[in-house]
Amino acid sequence: MVGTMPLCGRRAILEDSKADGTEAQPLVPTGCLMVLLHWPGPEGGEPWVTFSQTSLTAEEVCIHIAHKVGITPPCLNLFALYNAQAKVWLPPNHILDTSQDMNLYFRMRFYFRNWHGMNPQEPAVYRCGFPGAETSSDRAEQGVQLLDSASFEYLFEQGKHEFMNDVVSLRDLSSEEEIHHFKNESLGMAFLHLCHLALSRGVPLEEMAREISFKNCIPHSFRQHIRQHNVLTRLRLHRVFRRFLRAFRPGHLSQQVVMVKYLATLERLAPRFGSERIPVCHLEVLAQPERDPCYIQNSGQTAGDPGPELPSGPPTHEVLVTGTGGIQWHPLQTQESERGNSRGNPHGSRSGKKPKAPKAGEHLTESPQEPPWTYFCDFQDISHVVLKERRVHIHLQDNKCLLLCLCSQAEALSFVALVDGYFRLTADSSHYLCHEVAPPRLVTSIQNGIHGPLMDPFVQAKLWPEDGLYLIQWSTSHLHRLILTVAHRNPAFSNGPRGLRLRKFPITQQPGAFVLDGWGRSFASLGDLRLALQGCSLRAGDDCFPLHHCCLPRPREISNLVIMRGSRAHTRPLNLSQLSFHRVHQDEITQLSHLGQGTRTNVYEGLLRVGGPDEGKVDNGCPPEPGGTSGQQLRVVLKVLDPSHHDIALAFYETASLMSQVSHMHLAFLHGVCVRGSENIIVTEFVEHGPLDVWLRRQRGQVPMTWKMVVAQQLASALSYLEDKNLVHGNVCGRNILLARLGLEEGTNPFIKLSDPGVGQGALSREERVERIPWTAPECLSGGTSSLGTATDMWGFGATLLEICFDGEAPLQGRGPSEKERFYTKKHQLPEPSSPELATLTRQCLTYEPAQRPSFRTILRDLTRLQPQNLVGTSAVNSDSPASDPTVFHKRYLKKIRDLGEGHFGKVSLYCYDPTNDGTGEMVAVKALKEGCGPQLRSGWQREIEILRTLYHEHIVKYKGCCEDQGEKSVQLVMEYVPLGSLRDYLPRHCVGLAQLLLFAQQICEGMAYLHAQHYIHRDLAARNVLLDNDRLVKIGDFGLAKAVPEGHEYYRVREDGDSPVFWYAPECLKECKFYYASDVWSFGVTLYELLTYCDSNQSPHMKFTELIGHTQGQMTVLRLTELLERGERLPRPDRCPCEIYHLMKNCWETEASFRPTFQNLVPILQTAQEKYQGQVPSVFSVC
């Protein structure tokens, strides 16, 4: 692997370092491992450490060095070992053979730009703040500083070395302006370097400059450039630098300020700093509906079958990994690929230009010849990673997969360790993505229920719920110390976790034993120690601490070990307190044959009429609807709630609301709810081959285990998606798994969909819950929604996995209710499969303690380990054939479901994209031009597609691809399906508080700030074009009027005529057809007005302005509206709108464009306002 961080060496020999990182090395004793350091620690000493133990892991070496240098446990995971000779980073579990001479380098590998907060244009980076501080708008209160003092010092020394060894090189610059800028910045960096030395040694700056030449503090390429000048030029440069030093008085600067300025300038000067670029021999983005990247080739594949030949040859693509930008990739140019991407040079290519750091979705190039970067994912989107030899699969929660083939197995391990490290730092500190790079200490911690080095407020939050809780954690200050923490509740502080007084008892690690200080007994494992402590009490002085229950680490816990990068609204769980689903009219459905009974429901096959009158064909060969009504007919399943159970209709609707707000290819699609007289009907998709348990029983003894494991993987994928959203299915079992594709033919895989749970657990009687044993989790027998959690679904998954293994026969099915209940009471174990690996997996899922059950990410990771032929099947195609483009959609596979809405020139509809025509498609939103559009509109349509394909932001609707029809010469835009529709349609029908409206407004500003940063103006920002993904997340859509602002210009002048949303336009747009960035701010003000009026049609901008100007048409409307706005008339204050919010609207409606705030300015203002009104009832709002 080629890391962009150059190699490190001794500070004493920096002046002789080469640009490629190869420098003179200290003499290595024979049979010894030497690790070189950038900084030896506060005590000084030699900048290297030697090891002579027989066998060590890379993690053990890092821990030893961190202890020597003074790096604290929370920062340990930022560091790793680099092998200069092999040019790879070592994964933490790599076993080092110290019998051979070896030089390694201890470096900070995991880096997050703007961790110092000096650049307001980039996301703030900080560790998660203390519980209860999230509502603060002050970053200092919001989060914890990323680095400790030793890590900061080490990074500074590492950054100095990288700068002087040409992480950004003068040789890569071409224009005089770039060279001049580089020289000035380099001299400034040299000044900061000398300032730091002077402050640390306590000597005057001029004296330090006489002792150390500034040329020793600038890049190697700059030094060589200076040597080429004549003596007079060099002397003049020395004098200029010394005059600058004499004129400057650094008394107000501290060492810390100097170090921060140095690193912040280095980030700006060298965009590659802190990133890694990895050349790969082969890259594919796999969309699972087209090519299922599972790990069996066909149903007859055996574990011993060899995999396909791995691609070889020069690199074809390059992958970019950064802490703030996630994973991106681009193809390599031919000449670069032929050179192997300069693999012998640890820097790769360099650039002295100053582009922004790559962020999610940005297509950034460092040179005009370099292809743009394509965004793949952020680390928290990853579900699991599979590594086999040189091939890596990165699987996402939405089932997309990145397939990479690296140049060597060592590079593959290095790359996976990089992705895994960033995942643990940003998503889940107690989970690893891949066994092959699992940190040994983390594996031990998971096995023994040990928390990471949590700070006290997070410990207090975990111990607060009840008395008798305790936890075991790694110390926050000592790398080799474990601590048992208990809490004493202080009656004087009873309102929160801060009222707990913590007491810590160290646990000493001895060879093969653990000893709790103050207790003479030793234990072979922490599990044995926990078992012995159960029910005991610890006494310290006059205090007595009962130990009833040990708090174990949980998936995705928020703590100081998780690093936040700006606002992450999409991590908030869905709020299901308000029902939301599509209503199906009773005339649109036809009830057909009865399929059976569910819990309090009757299930029928049916037909759902969708589409317009020109689509009168019938899907899947079904007969047309009686009466001859036109439109396409879809086969559906009708789940009819028995009218006698009208008392649980709300629970029935809650199920429909849950399934309507989620979208995953392995979840059955819910079309909506129909009320037919006294009947309540859920209308869901029809899946061809029906329930899995019935099919398995029919095929008893004929289905191979590999087939079953693919099904298990797909089920775990769907449940992992729900777990990430903190949603509980509550009824995972074989009868609710529907088989869409059999996958028995060679080259195919099965495809399943998890159906809706039916009537929710909370509405079931105890008898019904007992009847569902063994799928019902033990904690759910008592009833109530408080017992429902994601661990409930894990128990159901374990029981279903047994059901799949046993050909559809579930355990305990022959027993009566009392026997089943007694089975749970006695905590008996369900029967296990004969495979030891499968037995271990099901045992973990079916533990009676919910906190001890693993996460679905863990299950997905471990399921891949059960299949030795990991890569077989994903590459069972001609290696010479080009990879299919996942952004190309074919019209024949698009099945229309219903219309979603219309814009000025286009129409948006919901489609199912089903290329295999077997019910495995995904729901997408497709936008097409209306008929009769002229060439001018078609040209604008192409521009909209080109704009949207370059954007990637959490508050902008995602581009999926295009569908071209060569016959009709038309292009359809395919986007993600946003289930809840536009704010214009949503707000009038739902009760939304002011704080939530302000959150929407803040998110709109964040999306628009990103759009403006990409040099686009929207020109059609309105509530109708803001889509609601869930009740905490909005996305901007409809870029039909968007324009790119030419470089160096402040506005775009529109010359074409067309239908325009004039009531949302600023005066300069109406009068001069000039569209500034500030023109979008005006439109935002009108959009904010719409939000505060709840999109009431009687108070719409169109209605209000029409009342003021009278009914007019065409240009007369524009003329009168312009005159009205120039007189200072504005939309009135909405009812119950706070004064400061209406004042903010009026700021957005300033006549002079330059007086309006920017979206960047609006974000913190709205965030502060949102926090102010969070939790307040309407009566306390400060209205005018």
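Cβ atoms here come from the backbone N, Cα and C positions, even for glycine.
What Swiss-Prot records for this protein:
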ACT_SITE  Asp1020  active site, proton acceptor
BINDING   Leu900, Gly901, Glu902, Gly903, His904, Phe905, Gly906, Lys907, Val908, Lys927  ATP binding site
DOMAIN    33-430  domain 'FERM'
DOMAIN    449-529  domain 'SH2'
DOMAIN    589-866  domain 'Protein kinase 1'
DOMAIN    894-1166  domain 'Protein kinase 2'
MOD_RES   Tyr295  phosphotyrosine
MOD_RES   Ser525  phosphoserine
MOD_RES   Tyr604  phosphotyrosine
MOD_RES   Ser881  phosphoserine
MOD_RES   Tyr1051  phosphotyrosine
MOD_RES   Tyr1052  phosphotyrosine
REGION    294-368  region 'Disordered'
Minimum Cα separation from Tyr1051 (phosphotyrosine), reported as the residue among recorded positions Tyr604, Glu902, Asp1020 that achieves it: Asp1020
Distance from Gly906 (ATP binding site) back to Asp1020 (active site, proton acceptor), taken between C-alpha atoms, in Å: 13
Val908 (ATP binding site) versus modified residues Ser525, Tyr604, Tyr1052 - nearest by Cα: Tyr1052
Inter-residue C-alpha distance, Leu900 (ATP binding site) and Tyr604 (phosphotyrosine) (nearest angstrom): 27
Pairwise Cα distance for Ser525 (phosphoserine)/Tyr1052 (phosphotyrosine) [Å, integer]: 69
The domain 'FERM' (33-430) [mean pLDDT, rounded to integer]: 82
Separation of alpha carbons, Glu902 (ATP binding site) and Tyr604 (phosphotyrosine) (Å): 34
Cβ atoms near Tyr604 (phosphotyrosine) (within 10 Å, other residues, all chains): 19
Number of other Cβ atoms within 10 Å of the Cβ of Glu902 (ATP binding site) across all protein chains: 13
Under 8 Å by Cβ from Gly906 (ATP binding site), counting only residues of that chain that are 6 or more apart: Lys927, Ala928, Leu929, Lys930, Trp941, Asp1038, Gly1040
For the domain 'SH2' (449-529), residues assigned helix / strand / coil by DSSP: 15 helix, 33 strand, 33 coil
Cα separation, Tyr1052 (phosphotyrosine) to Glu902 (ATP binding site) (Å, whole number): 26
Residues that sit under 8 angstroms from Tyr1052 (phosphotyrosine) by C-beta distance, when 6+ apart in the chain: Ile1017, Lys1043, Ala1044, Val1045, Pro1046, Lys1074, Phe1075
